[in-house]
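A.B. asks: Among the features that TrEMBL reports, pyridoxal 5'-phosphate binding site is placed at B:Asn85, B:Gly186, B:Asn187, B:Ala188, B:Gly189, B:Asn190, B:Thr315. The feature domain 'Tryptophan synthase beta chain-like PALP' is assigned by TrEMBL to B:24-316. What TrEMBL records for B:Lys59 is N6-(pyridoxal phosphate)lysine.
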There are 2 protein chains.
Amino acid sequence: MRQGVIRRFRGWLPEVPDHAVTTIGEGDTPLIEAPTLSERIGAKLFLKFEGMNPTASFKDRGMTVAMSRAVASGSRACVCASTGNTAASAAAYAARAGIKCFVVVPAGKIALGKAVQVLAHGAEIVQIEGNFDAALRISQQIAGDRGDVTLVNSVNPDRIQGQKTGAFEVCEVLGSPPDALALPVGNAGNITSYWKGFSEWRDAGYSGLAPRMLGFQAEGASPLVAGHDFENPETVASAIRIGAPASKEGALAAARESGGAIESVTDDEILAAQGLLAREEGVFCEPASAAGLAGLLKLAGEGRGPEGTVVSVLTGHGLKDPDVILDRVELPEPVAATFEAVAGRMERLVP
Amino acid sequence: MRQGVIRRFRGWLPEVPDHAVTTIGEGDTPLIEAPTLSERIGAKLFLKFEGMNPTASFKDRGMTVAMSRAVASGSRACVCASTGNTAASAAAYAARAGIKCFVVVPAGKIALGKAVQVLAHGAEIVQIEGNFDAALRISQQIAGDRGDVTLVNSVNPDRIQGQKTGAFEVCEVLGSPPDALALPVGNAGNITSYWKGFSEWRDAGYSGLAPRMLGFQAEGASPLVAGHDFENPETVASAIRIGAPASKEGALAAARESGGAIESVTDDEILAAQGLLAREEGVFCEPASAAGLAGLLKLAGEGRGPEGTVVSVLTGHGLKDPDVILDRVELPEPVAATFEAVAGRMERLVP
């Protein structure tokens, strides 16, 4: 039974007193075998499905640590600049902790559909007449000014600490680290976290090895591949639509130290991979999550794919972004309400 | 680590050969303490959050069993009449199993937003010029006619078998059955399943007790309370908008044999309960899921609430139905992109 990542991995995490532990049962997500896709990439592939966290993304692993420590330090509110998964997670964990949550966003840039969790959990959305950088800067200023407000953006180091627990779970289930780990790279906090986790696991003597870290950015938002920030990042994968990653150094170090790489994939490759995951393995993730598989398919196609055991981290649930599916479908015409008509439709597809 | 309900509870379930086991890591969902709501209802409340299943609803527990046995029997396709959680789960598990999935629905009655998972997983939606009864009847006829097509609506008894595993998990985590279990009642398969699970647990000698089963229907779709079917059921809680429950007898037996009851709650009570769960405990469920808490609050208000340990089953994730949140919100006006403006907004709420 899932007790949350703090109780499960306490010795590995920053200190949290019992009374402050704020959990909604995050972590312990399944590592799902992917037999069909394994054949496509020529390695044994597992999917770490982080969409099965309380707010349906991996952000909950870090947020439980950040929010618990905010509570422990006496915070009465938290603040973040985010229009996506971070805000959803912050809103849920703040509600759980009984403190107020403020989400600062550029005016007009928040799609209501993306904000449904923030709104449901009763967080306050503050729209500012400025861009994302201004939202983050003001959030930092407020947390710096008021001792009772905690910043929970990824610059909060407790977030990285919590997210590294995904690596521990992978090692526990497989019995050893995989040969490679593939994941999307946007703000670059998650690749930094996983590498930290695998490194600590190795340094603690549980294994002599650590996986090659393979990070994949969307082509239109690939500052780590291009070597410079993107002023106007563009990709269908909104969760990694970031032009100036906060954890740039951590991501580059992860790739370098592990003998891995950070490369890019196109939006078409991302959407194709998302479709394969849903239609061949039954796992529906948001577009950004599919960047890892898109990258593995690309490497395999070029004869450079990893061998052995490979884990792809699916960072969020497909329900986070329904429009990307709905924008591309059309329902077939209705048929008569008879056995013959429906059986005929079926017969054409399953003779 | 989650291995799926078949591997976990094999001795309690219909036979499935190893090669046919079709799992996406369903089950083993968290049982979340609800300290704030416990005070409101005057009993120790736990939330069984079934939204943390692969397709974000409890349906996955039954679907893994139904689909695995369909595969074992040589099925090449499955069919169901559903526009909601059943269809989403069937589509995912059929994709996983590598068989085709047909979802038969009344033309014009499927909201695309509700069908996003069905579409993502590549199931075929067949719209018919008829009502839901016709869709179900034709689906049954097709499964009866073709030996290689399995009906996966809740009339498939494997579904009930799989869903009963939720009761086992509750007993395992608490160490004994709770004093009462509260849950929404629509088609009535889940209350039937949980009662079957608790009864089997007791009959196997693991406990001398079984909980009072407290089922709650939405007032506008409450045939079990009214004593007659509803021709036009109406409620905001779409997952329990059912006028003629398939498992009516099972639900009535569960209430009778356990010393429980089936009562109704209004849409306003359901939405208020959904809001409390999200804002006070950090758990965002779909409206139907909140019917259990709505009922517990109603009983407590009338001095008839259960005492001791109470579990409320939250059947699906709030992301399943974003519109119910978005239809009721309005964002506050933007403020200037300055520290002072944002700090001022915050100051008003957290002085």
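Cβ atoms here come from the backbone N, Cα and C positions, even for glycine.
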A.B. asks: Between B:Asn85 (pyridoxal 5'-phosphate binding site) and B:Lys59 (N6-(pyridoxal phosphate)lysine), what C-alpha distance do you get in Å?
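C.D. replies: About 7 Å separate the Cα atoms of these two residues.
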A.B. asks: Near B:Ala188 (pyridoxal 5'-phosphate binding site), which residues of its own chain have a C-beta under 8 A away, given they sit six or more steps off in sequence?
C.D. replies: B:Gly215, B:Leu224, B:Pro245, B:Ala246, B:Ser247, B:Lys248, B:Gly250, B:Ala251
A.B. asks: Hey, which of the binding-site residues B:Asn85, B:Asn187, B:Asn190, B:Thr315 is the loneliest by Cβ count within 10 Å?
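C.D. replies: Counting other Cβ atoms within 10 Å of each of the binding-site residues B:Asn85, B:Asn187, B:Asn190, B:Thr315 gives the minimum at B:Asn187.
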A.B. asks: Which of the three DSSP-derived classes (helix, strand, coil) applies to B:Ala188 (pyridoxal 5'-phosphate binding site)?
C.D. replies: coil
A.B. asks: Highest Cβ count within 10 Å among the binding-site residues B:Gly186, B:Gly189: which residue is it?
C.D. replies: B:Gly186
A.B. asks: What does DSSP say about B:Lys59 (N6-(pyridoxal phosphate)lysine): helix, strand or coil?
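C.D. replies: In three-state terms, B:Lys59 (N6-(pyridoxal phosphate)lysine) counts as helix.
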A.B. asks: Including all protein chains shown, what's the count of other C-beta atoms within 10 A of the C-beta of B:Lys59 (N6-(pyridoxal phosphate)lysine)?
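C.D. replies: So the number of other Cβ atoms within 10 Å of B:Lys59 (N6-(pyridoxal phosphate)lysine) is 33.
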A.B. asks: Near B:Lys59 (N6-(pyridoxal phosphate)lysine), which binding-site residues out of B:Gly186, B:Asn187, B:Asn190 have their CA within 10 Å?
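C.D. replies: Within 10 Å Cα-Cα: B:Asn190.
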A.B. asks: For the recorded pyridoxal 5'-phosphate site formed by B:Asn85, B:Gly186, B:Asn187, B:Ala188, B:Gly189, B:Asn190, B:Thr315, name the remaining residues of the chain with Cβ within 8 Å of the site's Cβ center, in chain order.
C.D. replies: B:Phe58, B:Ser154, B:Pro184, B:Val185, B:Ile191, B:Ala239, B:Ile240, B:Ile242, B:Ser247
A.B. asks: What does DSSP say about B:Asn85 (pyridoxal 5'-phosphate binding site): helix, strand or coil?
C.D. replies: helix
A.B. asks: If you average per-residue pLDDT over the domain 'Tryptophan synthase beta chain-like PALP' (B:24-316), what number do you get?
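C.D. replies: Summing pLDDT over the domain 'Tryptophan synthase beta chain-like PALP' (B:24-316) and dividing by its length gives 96.
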A.B. asks: Just checking a number: largest C-alpha distance across B:Asn85, B:Gly186, B:Asn187, B:Ala188, B:Gly189, B:Asn190, B:Thr315 for the pyridoxal 5'-phosphate site, rounded to a whole Å.
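C.D. replies: It comes out at 14 Å between the most distant Cα atoms.
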A.B. asks: With H, G and I counted as helix, E and B as strand and the rest as coil, say where DSSP puts B:Thr315 (pyridoxal 5'-phosphate binding site).
C.D. replies: coil
